[in-house]
Each structure stands twice: as C-alpha cells, then as structure tokens.
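A.B. asks: After the structure tokens below, expect a handful of questions from me.
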Amino acid sequence: MPENPAAEKMQVLQVLDRLRGKLQEKGDTTQNEKLSAFYETLKSPLFNQILTLQQSIKQLKGQLSHIPSDCSANFDFSRKGLLVFTDGSITNGNAQRPCSNVTASELLPWTQKSASEDFNSVIQQMAQGRHVEYIDIERPSTGGLGFSVVALRSQSLGLIDIFVKEVHPGSVADRDHRLKENDQILAINDTPLDQNISHQQAIALLQQATGSLRLVVAREVGHTQGRASTSSADTTLPETVCWGHTEEVELINDGSGLGFGIVGGKSSGVVVRTIVPGGLADRDGRLQTGDHILKIGGTNVQGMTSEQVAQVLRNCGNSVRMLVARDPVGEIAVTPPTPVSLPVALPAVATRTLDSDRSPFETYSVELVKKDGQSLGIRIVGYVGTAHPGEASGIYVKSIIPGSAAYHNGQIQVNDKIVAVDGVNIQGFANQDVVEVLRNAGQVVHLTLVRRKTSLSASPFEHSSSRETVAEPPKVPERAGSPKPEANLSVEAEEIGERLDNLKNNTVQALEKPDVYPEKVPGSPENELKSRWENLLGPDYEVMVATLDAQIADDEELQKYSKLLPIHTLRLGMEVDSFDGHHYISSVAPGGPVDTLNLLQPEDELLEVNGMQLYGKSRREAVSFLKEVPPPFTLVCCRRLFDDEASVDEPRTMEPALLEAEVDHSVDVNIEDDDDGELALWSPEVKTVELVKDCKGLGFSILDYQDPLDPTRSVIVIRSLVADGVAERSGELLPGDRLVSVNEFSLDNATLAEAVEVLKAVPPGVVHLGICKPLVEDEKEERFSLHSNNNGDSSEPADAVHEIHSSLILEAPQGFRDEPYLEELVDEPFLDLGKSLQFQQKDVDSSSEAWEMHEFLSPPLDGRGEEREMLVDEEYELYQDHLRAMESNPPPPHIREAAPASPVLELQAGTQWLHANLSGGERLECHDAESMMSAYPQEMQQYSYSTADMMEETFGLDSRAPIPSSEGNGQHGRFDDMGHLHSLTSSSLDLGMMIPSDLQGPGVLVDLPAVAQRREQEDLPLYRLPSARVVTKPSSHMGLVSSRHANAACELPEREEGEGEETPNFSHWGPPRIVEIFREPNVSLGISIVGGQTVIKRLKNGEELKGIFIKQVLEDSPAGKTNALKTGDKILEVSGVDLQNASHAEAVEAIKSAGNPVVFVVQSLSSTPRVIPTVNNKGKTPAPNQDQNTQERKAKRHGTAPPPMKLPPPYRAPSADMEGSEEDCALTDKKIRQRYADLPGELHIIELEKDKNGLGLSLAGNKDRSRMSIFVVGINPEGPAAADGRMRIGDELLEINNQILYGRSHQNASAIIKTAPTRVKLVFIRNEDAVSQMAVAPFPELSHSPSPVEDLGGTELVSSEEESSVDAKHLPEPESSKPEDLSQVVDDNMVAEQQKESESPDSAACQIKQQTYSTQVSSSSQDSPSSPAPLCQSAHADVTGSGNFQAPLPVDPAPLSVDPATCPIVPGQEMIIEISKGRSGLGLSIVGGKDTPLDAIVIHEVYEEGAAARDGRLWAGDQILEVNGVDLRSSSHEEAITALRQTPQKVRLVVYRDEAQYRDEENLEVFLVDLQKKTGRGLGLSIVGKRSGSGVFISDIVKGGAADLDGRLIRGDQILSVNGEDMRHASQETVATILKCVQGLVQLEIGRLRAGSWAASRKTSQNSQGDQHSAHSSCRPSFAPVITSLQNLVGTKRSSDPPQKCTEEEPRTVEIIRELSDALGISIAGGKGSPLGDIPIFIAMIQANGVAARTQKLKVGDRIVSINGQPLDGLSHTDAVNLLKNAFGRIILQVVADTNISAIATQLEIMSAGSQLGSPTADRHPEDTEEQMQRTAD
C-alpha cells in the first residue's frame, strides 16, 4: 500500500493530464475514452473514500498494537472512511494504563532510532519532569491535521518552544483524542525540537509531513489527570452561571443577511456585538446587544469560537433558530488560561513611579475591564530597532479607539510601550505572540506600560500625546529599522490571528515612500486643517494640504486650449471621479498646477477645497464648485496608507525610512458569505516558462492576491512587465499570470516578501517559472481603474519606463474607504487613442468610478514636444458647451464647398464627442439638422493598449504632387433615417462625429451596417455609425480613393479572396479595406501611429492583441481629408509591406518608404459583432441602392440586447493555397445530395459571385403558413443569378454556404443571407409544384407595361431584420428600364416607405399595394359575385386608374356608420373610440414612446377600477395613436403621459390592436442578461407586477446600479426567468424575494415586445393619412368594423350557395399529441351567437410553432366537427375555446373542408390584412372575429 496515497493520486492525475495533452497534440483520439474513465475514477468521491479507508485501517493497526491488554478497543469508521474510537477510556485520555504506572519507555512503539537511549535522554531533558506522550496521527487525504500551534519563548532555556494552541473539533487530531491544548511538542517525526531546530523549521516539519505524523509531546502531570474534569471549564462558561433571561429567537433570512455581528471566543462565549439598524434582527426586535448565543438550531455553540459560530449560522439556510441568554445572575468569572511559562517578577511600582532622575522613562500600570462584546480598544505596532538598541524595540500603542475601555480609562496614550500583560513580561515577544497573550487575558487585564518623559523624544513615534489626538496617525521619522505589523487588539478579532502565518510577521520588509510634503509652520492654517481631518479619518489615512496659486485669466481663455476638456480640469490640472459622495483624483495632467506640486497622485481623495467640504456632496455640486471657486486653491486630500506590492527586479530607491506595515487583525464578523464573484481564477494547468536572467533581473514585478478558492491564502500574480526586459522579450508572460513556482521552489501560499526573496536569490542564467494563465469567463469581468502619469512625449527615450499607478478595489468603498483592499494588475496597459480617448474596461459594479478620457491636443507639426495630456469631465452640462463650440467653429472650407443637387451627408472629421456616464436626466438635442454619429463601438472599450513602451510618429515628409484623377466621383450615399437611429449604450464611452445634414455635394459616402441597433438612453441621444466607409471626391488638395477601390469603398466591407478564415463566429473588427492617400508637396501624411511587436493585451479568447494602430489623424492633412482613416484603426499593410508583426520602427520606415499614393490596408472596429460563417468566412453585405431619384426612406431598426462579446481574430495574410479544394468540394457536394435525397425535385448546387447589388434575387415564403420555405419569386435580369442562368423562378433555397435554410423562417433566413460573403454557394431544389406553393406569384419580366401581379400578402423581404413592407424594391418602375430600377436584391438593408405620388405616380410600390388590395377582393368575388367591396377606397385605388391593373369592384355607396362609444376594436385597424371617464381616471398604464425602442405608445395594463376597464374595449398591448386629436405616433413617453392626464370628461382615442404581439412568447424578443450582484448591493432595478394577470416587469432602473451599467435593460422589459427559474407566472413578491436573495452572477431571461409591428402600424397609419390627403374621391376612408362585411358575406353565402352537403368533403380525423407546456397553436371563429352569425366553428389561423401545425393535416378554413368525440354543433364560441384550452394529451379532432367556411376565412384574412393597404407585417393575421376578432385556443 502506498505511503501517501493522496499525493500519489495527484501525481497520477498530473501524468494523465500530460499524457492526454501529448495525445491531443499528435491528433490521437483512440485512447480518449479510456483516459477519461481513468481520470474520472481517480477524481470520484468513492475512490477517495476507499483511499481514506485504507489509511484508516493502517492507522487502526498501529493503534491496536499500542493499546494495553487491559483496555478495550472499540472503534468505528465514519462515512468518509475516517477512523473513530468510541471507547470511554480512549475518549477521556489515551488508550493506556494510568499514568502513574506507565513509563515513557513502555510507550515507545517505534523504530530503533526512536527507542535509542540518545533520543530518550533528549526527550526527558526537554520534558523537565512532565508527562511525555507519544502520538501517531495519519494525515488525511484532504484537509489538515486539525490543530494549531503557537511559539512562546521559554524563560528557563531562552528557547522558542512550540505549544498546541487549539485542537479543532471534528478534525483528525480531535478524533484521535490524545493531543490536547497546551501540550508542548518535543519532537516531530523523530526529530527533537531542540536548539538546533528553529521555529520556522518546526513549522515546516508539521506542514510538509506526509502520511503518518509522529509527535512527542510533554504535558503537565496535574493537567493530564484533571483534564476530564477541567476541560469544560476551559472551553465554556461555568455551568453554575444562572441566566436571568433566556429566549429562543427565530429569524427568516430574506436575502439581506441576519443583520447582526458577533464577537467572542471559547472562553468568554460568543455574544452579539452589533445589530444593524433596519436589518432583520433589528426589525425582529428580540435580539439585543450583549446577548450570549448558546444554541443555534440543534447545535450547542458554547465553547466555539466566533468564526465557528459564524460558520454554523451560514450553514443554517434561510431559517435561523437561536437560543440566546442575557442578564446573568452573579458575576461571570472567567479564569484566564494558565501561562505556559512563569511570569517574570517585576518590581512593585506605583503608578507612574520610577526613578525619574536617572531614567528617561516612566512606568505605570493600568487596569482595563472588558465589557461583554467589547475590545480593549488599543491598536499596537511592533518595532525592532537597530539605531538605538534596547530603546526603541518593543510593542507600542499605535492608536486608541474612541469609546473603548482604554479610551475611558484615560491613562494610556499613543506611543506608550507595553512591557507586561497580567504580570507576564512580553518584552522580546513576537508581535503575534503579544496579540495572543492579550486575547487570552481574562475580563480584567493588567497592563504595565512605559512612557518616555515629555522632555525627551527618543520614542519610535514622535507624536503628541494629548487626548485630542488619540486617533491621529503617528508621523514616522527617518530611522533605520523594520516594523512589525500592527494589530488591533479586539476580542472580535480572536480567530483572525490564528489564520495568519506567523512567519509573515518577521519577513515582511517594506520601504517607506519619500516624504514629499512641504514643511508646514506649526500652528498654521494648513496644520490645523491637516490635524482636523486626521482626527476625523483615523490612522489609516494620510492627510495632505496643498496650496495652488494658479494664474488664471478667465474661462474663455482657458477653453481656447481645449474645446472638450471641462473648466475645472483646465484650472486645476487634474480630473476627479466621483462615487457615493467621494471624489477621487483620477488623473493628473502633466505640467498642470497639481502636477507641479509633486504632492498629489491618482486615487487620492479630495476632501475640501477653499474651506468647502466636498466629501458627501454629489458630483454635480462638486464640479460646479470647482468651476467657480476663485484662486488660490487650498486643497485637502487624503491617501490610504496601504501598499501591498513589491517590485521583483527594480525596487524603488528611497531614503532609509521606517514604514508601518499594518496588518489589521480586527474583524466584524459578517453573517453573509463573502462575495467572491469578482475574483479572478486561474487555470489549474501549470505552464513552464523558461527565462534567462541577466544582470537587470527577470524583468517583471509581482504582487500578492487573495486566493479566490481560499480567503486565508494568497497567490503571487505578475503585476507588470519591464519595458524591453527579459520577460517582455520572451512574450510568454503577461500581467495577470499567476506565478506558482521558481525553479524547484514552490510559491504556494508564500508571502509577497518571500516570493521577492526567492526571485532575487535565483542566480543569473536559465530560470524555470511555473505559470498559470487566467481562466477566460465572459460573465466575469474585473474593473481596472487606469490612471497614468505618462505625458506621452515622443522625445523620451524608447526604453523609459513610466510608472502607472492604478488599483482594483475589490470592495465597494464603505464610509471613507476605511477597509483594506487588495490590488490586482496595477500596471494594466492602456492606449492613448490620440485626439481624445483612453478606454477602460466596462464595469458592472455600482461602485465603479466614472469613465475617464485622456486627450492629446494636436500640436503643430514643428512642436511635437509640446503635447499635453488632459481630461474630459463627464458632466452632461459640458455637452452643451461642446455644441456651442461646434456652432462657433464652422467646418473647414473644403467641407463647406458647394455641391451638385443630390443631397449627401458629409462626415466632418476631427470633431469628436464623448459620452461618459451622464448622471443627469436632461437630454441633449441635436442642433438644427446635425446628427451625432458614434464612430466607435462599445466593444472597443475592451481593448487597452500600453503606451509605456510605444513611440508615436508623425509623418511629415516631403512628397510628390498628387496624381489627379477623374474617376471615383460617381458614387454617392445617403444616411437613412438619421433622426431615428439611437446609440446602443448609455454608460459607456462613445466617440461621435458631428454630421451637418444641410451640406450638399458628393463628398462622403457612408454605409450603414445591416442592423442598426438602438436602445433607450435617458442621458444623451448619440448616434452610432459603425464601420463607416468613405469615398471622397477628387480634388487637387485632397487624398483620393482611386477608382479601382471605389466599389469596395461603396460596399460594406468584405474580405478579398484567399484572405483566410476567421475562427470566432463574431468579430468586432471590420474586414480589411484599402485606403489610398496621395502625398502633397511639403505636407505630412497627417497620421501618428503607436504599437509594434509588444503584446498590448491578452484578449478574452486567449489571443494576444498587438500590431500597429493609428493614434491620431490630423484634420487638414492628406489622411484627414480622405475621412477614411480614424483613431484606433489597425494598419495591416502599407504599400505591400506586411506590418502585422512589424516593430514600431519598421512600420515608420515602411510608411516613409512608401511611394505615391501610400496604400494602406486597415481594419476598423465595428459597432456590432460581424457574424462570420463557420465554413467560408469571407463576409460582405451589399451596399444600399444608390437610386438618386427616390426620397430618403425611413427604416426603423430595433435591436435586442447586444450579442455576446467576442473578440477579433488575428488577421491572416492572403493565401493562394488552393490545393485539395476540388476534392473537398466534391466530398461536400456528395454529402449535400445525401442530405436532401428524400426531397422531391431536382437538386442543384451552384456558386455565384455577388455584385454591388447582391445576387439579384427576390424571395418569398410558402403559401401554407404552417410550412417554412424560401422560394425565388423574382430574378433581376441584370443580376449575377440571371447572368449565370442556372436559377429559375420557383426554385426553393435549401442552403447558403453550408448554412441550412430549409425549414427556417424568413427572419432566420434573412439573418443568414445578410452575412453571406462575396462568393456564394447555393443549394436549391427545383420542383414543378413550387409555383403553386409560393405565397407570392412569380414577378413579371421587365416591360413597359407590367402585367397584373398576384396577391403579395405573404411576401416577406429577406432584406429586413423585421417583417418588411412590400415596396418598390420588388418590381421595376413601369417607365424605366435602368438596371438600378430592377428587382431589389437580397440583403438590402433599406426598406421603402411613403413614396410620394407626385414623384412617381405610377410607382411599383403603389401598384403592388393596390394590387394586393384589389386582387384579394377580386379573388373573393369570383366565388361570390355579390361579395361586398371595401367600404371606401383610398388613394391607392384611384392610382390604378391607369389601367395597368385590374380595377376593384364598385364601392358600396352607403358605408355603415360607426359609433365610437360602442364600436369594437378590430385587430389590424386604426379604430376611433370614445370613453367617458366618469368620476375615475382612465386607469391605463402605458409604456414606450419615440424615445424608447418600442417606438410607440402601448397600453401596459388596464386597471380594474378605471374607466377603460369599465368600458371593456381596451386591452393591454393596444397601441394609442391619438388622444383627443393629439398625435402620439411620434411623441415621447412623457409627452404621452401628459396628453392622457389632461383629457376631458369624454376621451376620444385612436387605437390600434395587433393581437399577435401578445399571443405568445414568439412575439417577444427574448435574450439573456448577466448581472453581477455585489455583496450588500442590489441589482439596481425596480419591478412591478400586473394587478390582473401574471407577469413581472421592470418599472425603473436605478442610476449607477448594476442594471444601469450593463445598459441592456429598459423599463417595460418582462422578467421571464431568474437563474433558470421560470418567473412567467410568479407574483411580484416572489420575484422580488428571489432577486434579493441571489448572490454573485445573476442571469435574467428578458422578454421585450418586438417593435416591428408598432413601427409598421405607424407606417400604415401614415400611409393612410397621406392617402386621404391625395385621394381623388370625396369619400373619406372608413375603418368600419370588418364584422359588418363578414356578416354580409355570410348572408350572401347562405342565400346564394348550394346546400352544405354539396360543398363538404368527407370528414377526416386528425390526432394531436399535446403536452402540458405545449401551445395548441390554432385560432377558431364562429359558433352559436357569433357576431358572424350562427355559423359552424372553423379554424381561422394555424400558428407555425404550435403542435397543430406539426401534423400538417389541418388547414385554415377547416370546419371542426368534434373534439375528442364531443360534437360542436350548437356550442358557443366560448365553449369551444374552453374545450380546446383544456384538452391535453391525445386530442382527436374531426374536421371537414367546407368551401363556405373557407371563403369566409379567406375574406376575413383579406379584409383584416388588405385594409392596411400593404401593411409591412405581411404575415399578420387577424385570426378570429369573435368580439375582438380572435381568441387563441391554447
């Protein structure tokens, strides 16, 4: 059997890992299954249990061999396999004879070495007459030995002895029952702990022992014999204590915590120390401060430590039941533990009596009485001095806590030296030992202290001793020495010290930062300010007072230096970040007033300015004050005295000084678990990195970081890399990597100082480092607050290293940031993105500090050294200043040139905007026709670039004259719907462009992406223009984009052939594009670059970001005039020279050496991830139609939550390697043919090349709505498909580029087609029956007299993300044969709307819309000649008078009147209704508005007590278009609320109902949102439930909260689930409780109403209104209920058609299997008492996602005869609906195809859809005509 199976098991696992890795590298997968099974076996709990059991059996054999014959051996095994003795004699002591009869020699069961005379004599000498015990303990496979030790100095021998401090209950040592507290360990594994073994070596022996641990301990004889009787007295309160009151308290945790804190220990008991005001315990009212906790549940906690009690509380779950006691009868006398060494005899001295004439000190004694739950109230610090031996060494009082026992005593002062505690001389004790002695003291503590007389000042802390300054931090004089950590001697900290490594206290070395504070005159105002704030803040903060006397003329003069920077930044030279009343310096501008002081630095907190306290004020108040406060400025700042980092190879050179390395031992026990959600994790795989250490070291610095898996341990993390150091050159180390070993020395649980010593001790040469890389987790993002003192001066040497100070605050600052925090990756690199940008990683914590931005002002070309770095404040008022600045600075002349007639928007380069965490609710409106376009996406924040090692270069070279060109001026573009695009983000940086829309001329072409996402943004509407491509007009002074690249510039970006594939499915980089810049004589190119071979940052997908990036583009330069390059673009190639792996110098040389023109290949970041096909990843989207005769068409885009974050793949150079492609193609084609072998028809596989207009195909769906098909309904004769000749109308698309379209809806197909690359591989099938299945008849061939078109009601354009309207893109205009006017191509992202008839009176759009209407009516009338026509014609009917189309039937001259007070609301119609409010209000809750993605005013809920509920016609989901003549179609949310509130007694509403939007979740945009919930903080959102019905919705989003910072949620979103738990039918209270209780990462499933229907209905209403104005007929369009027409139709059918039996087919039986969670998916109409008359019940609609559609046996118009055998004859509509709703399992329907019913169903469908005159939502169906025209039976 192995000696140490646990260790060997880990070795085997490591071997398996290596083996699997090697096999994977070789591509061998044959052994994967066996290796996985072996691996899982070793990791299984059962296997571990077997190993533990084997060890227990081995241990049992050893125990049994030592038990005397007169003792029984009762034992058992625990469930985990651990050995447990149950014998009474063993329990009370050892399994042996009484001690008086047993000698040490009889109990030596071990080897000859152990039994040797030498060993025995050493042990007996060390025991000094005490009883000797020999103990053998088996170390378990997991966990420790279960006891802690303490080192105390022996007074007799002067040696450090090791004593057992505590045996942990339930541990291995506790179950063995032999090791006792206060036992002295004499030997470990046969090694005596004599003078040859140091304290550290002894600890190492215990920690490194494996297998069996053999201990020899010494114990006092009396202590051993009386142990059984005294143990309880030592660990618990005396049993004789009588409590005056005991009470059982039960608390139900609601997720906010129990609301009380505990302190105490084993001897004093655990008591309630604090009760949080407003917390759970406070609200309950029964628990009181000072209560002793006796029991928790069924667990007796007397004798436990406070930490153990806290753990018991944590394990209780939500319900905590406690037995507490108070008011003890009589005094509780707790006997302090007997000291292990005799107390030193001190001379009996009176208080403050010593020979004062001879000694510089005075000694006095103090008696302190602890109160229950209170500490002594002193904080100590240890110091080992070398300058004055015997004088300064010792333990000193560092500070006194106000209100504590020491404070009330009044005798103890700061800087007093403690020499004895309860008579025990502590001089020479280690700091940790003194802490233990004081903790173990009883209720009354006697302290002996020494104080230097006031006339002398040799104390290690020169400080005033007055009572007023007891909390003041001591100043530290320059003195050689090393501090001991300070400790707060509080009872509540009793257990924390036990977890600290004693070694750390003696090895931490720290260097004090140099004293840079100017000397202050005593008694000066500065000193008074400093003293006042020091008293307020306490010793953890350093207060600094600075005076600035800056010469400032006026604000306008300042603003000349920067149009973007706020006034207070320019005045003070620093930027301030604010959070929760705290204002921190985020950065200091180089050369500014603050920088010249050399006093303040980033992360300092600004407390007061010119007597005005800023602490506690809002950011707006603080910034407003800083703007107006006059100079000189008196600043009061504080800095936290905490630094836990050290540099490995380059320690900072400083003056020898004393620094207090504070280790705070105090803790307020928190019942809630710590939230480790933010802590980084590292891969368990250890990677070995080999570095060659040179004379400069290894070239990196480190810091320690709390281990996320064990809060008591720390790990060593790479902090930063030294520029051009060994580590950076190797490229294998990055900041954030965990350092686990150096050569053979493991750094597991090593302290920072130890790790530093190990690294320094490594000799020069090859060094092997063990590295663990960070795990990549998308839902966990750390926040890095980056501040730099880098001035960006390019004249600095390249190897200059700039210190970058920044930190990661793991805890949200509470109070005054008075809790210690750790640091992580403090030198996280960043990028100064020229002109105005420093990006930070996005933060989800509400404690985040504001975004920052560093700007480099554009210097003159001859003055690069004068660059200044400044900051931009994020206050919203600044943007108004920016706008005014823009208005006062017109664009350059070349942009303001006159232009031809075509309206084109030009991009004004260089005008950049910032949006950063606006806190106000005000909205900045775009001035005049200007629009703000965000040119940078939110995802760009994820990239940070280091400028520490980068040099920037401005190319100011002589160049030849530009080459004139006459090409490239024919391409013009247009922004569509500039006024309606909104920014996607509200809490991120957006760099925008000002675009004056009133400029004319063919100057700039900018193409929008396929999808422009929008989201509600309350602060500032910014507009995003991602991936802008530009084409400039030819000019003698402007760079050109040559004609051979003009087409590429006009199109959405695409990869050229052979550029390689991208591995991620999404890329935030746009594809490479070519930009040509023509040089001009004596003018520089106008760009500066940064970057090189240095790895800038590790991306989240593991890639390394590096390369050459554009830092700045000068406006009036050749590069700036092209508008084709912008800050942040990555340069891949320059005039054929690949720069992807080039150094900075090589890139500079390549640009200098490039000819004329300079040809750049660049990549830009796009606003939304570009979908990359998985097989052929060369993506492209065609450009919009460049038709100059059409008006700007408005296409409202509504985006869901942003797609998951992915990162750009590395760019790969073009490759011409085509080997094997033909074989792969043949193999793929064979698989495709096998896949579709069962489909009827002829399969075709072709490849086409897209042109600028796409493939030239028009697509439509299947006539049968239950089937998903994509048919070709039109082919552009000038398009690639027609030129190829192999595709025909009627072909059904199955695949595009190996992405399957078969069985997909139009929405899915549209998304796939949009991302198709230039070369498209199409798989389609040709079937003769396809034409009859198509929802749209084939488009006619191009002619001057278009033939009639069939019904287009089922058409859905592939070009739109949402359901698109039928528009001019389908058909050519009748009077034009230009290629541009032909059928619109696939993937066009523009939707036509509102064609003006004056411009194109016979346009195809109008013809199609009319034909949709008239043809449908005609088709109905063929069956029924007397079928009624629409009640009134619109303008579209008049347009058709040209004779191109079949004229509609005559109009009924007498339309029925509609009473607005009683008429029902017909789905799909704009209805006018009137509601009398009575004495109550309307009772409506609305959501949406023009300023929201919903883009419409929609009723959210109808309250029962309101007038609308009494009226009964309005439903939740109805859209309100008008209120008493006030148009709400384009109103904001607040405007709509105002209009509804100001209504008179009778309210006239125009409403629109689209029931399909609310029928099921198919009409919700469902997406996931991950929010990180911090401890003690909420998610930052409010919820509300409906008063009637189910569903919980977001009612408000708290500014600065997690939801607000995430930015994806808006008011009105429905919460569908929380962490996978369904909330669709949960109550508001249930959801609120769950959201409060969750911790860490919270995943919300959100449903948001699709905005397409609202936008579509608005378009419909606008069309209708426009038609009314232009109608030739005097008849006003009527929206009379469709019911009337249907009733006429039914009557006509009954009177004119033959008997029913002649029209019926044979009944057929349809079987449906329906689960409880399934939707049946059919809607019915008819029934007894129906508004349509007493007609049979029939199927009005079949939903594609229902179970009924899967049978493919039901059709719209089928009459239902019976349900599960129950006939429906005579049943009402409601009864039939209930039957279907309650039918589950096996459902048998008998249906029959009835032509009468089919005609009614068809007419119902036509009238509800056709009355919209070509509604954009082509597959919207009013499925029913009962009351509100439909009820869904599911």
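Glycine residues also receive a Cβ, built from the backbone N, Cα and C atoms like all the rest.
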A.B. asks: Hey, which of Ser1042, Ser1215, Ser1582 does Swiss-Prot call phosphoserine?
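C.D. replies: The residue tagged phosphoserine by Swiss-Prot is Ser1215.
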A.B. asks: Out of Ser232, Ser455, Ser847, which residue gets the phosphoserine annotation in Swiss-Prot?
C.D. replies: Ser455
A.B. asks: Just to confirm what the record says: which one of Ser482, Ser1424 has phosphoserine annotated in Swiss-Prot?
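C.D. replies: Swiss-Prot annotates phosphoserine at Ser482; the rest carry no such entry.
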A.B. asks: If I look at Swiss-Prot, which residue among Ser524, Ser1815 would I find recorded as phosphoserine?
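C.D. replies: Out of Ser524, Ser1815, Swiss-Prot attaches the phosphoserine annotation to Ser524.
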A.B. asks: By the record in Swiss-Prot, which of Ser114, Ser647, Ser1266, Ser1617 is the one labelled phosphoserine?
C.D. replies: Ser647
A.B. asks: Can you say which of 1691-1714, 1811-1834 is given as region 'Disordered' in Swiss-Prot?
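C.D. replies: From Swiss-Prot, the annotated region 'Disordered' range turns out to be 1811-1834.
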A.B. asks: Taking all residues of the domain 'PDZ 5' (688-774) together, what is their mean pLDDT?
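C.D. replies: Taking every residue in the domain 'PDZ 5' (688-774) and averaging pLDDT yields 85.
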A.B. asks: Look up Thr1543 (phosphothreonine) in the DSSP assignment and report helix, strand or coil.
C.D. replies: coil
A.B. asks: Does anything in the same chain, at least 6 positions from Thr1543 (phosphothreonine), have a Cβ under 8 Å from its Cβ, and if so what?
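C.D. replies: Thr1543 (phosphothreonine) has long-range Cβ partners Lys1477, Leu1482, Val1523, Asn1524.
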A.B. asks: Per DSSP, what is the residue tally for the domain 'PDZ 1' (134-221) in helix, strand and coil?
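C.D. replies: Counting residues per DSSP class in the domain 'PDZ 1' (134-221), I get 16 helix, 35 strand, 37 coil.
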A.B. asks: Run through the domain 'PDZ 6' (1074-1166) and tell me, per DSSP, how many residues are helix, strand and coil.
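C.D. replies: Once the DSSP states are binned, the domain 'PDZ 6' (1074-1166) shows 15 helix, 43 strand, 35 coil.
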A.B. asks: Per DSSP, what is the residue tally for the domain 'PDZ 5' (688-774) in helix, strand and coil?
C.D. replies: 15 helix, 39 strand, 33 coil
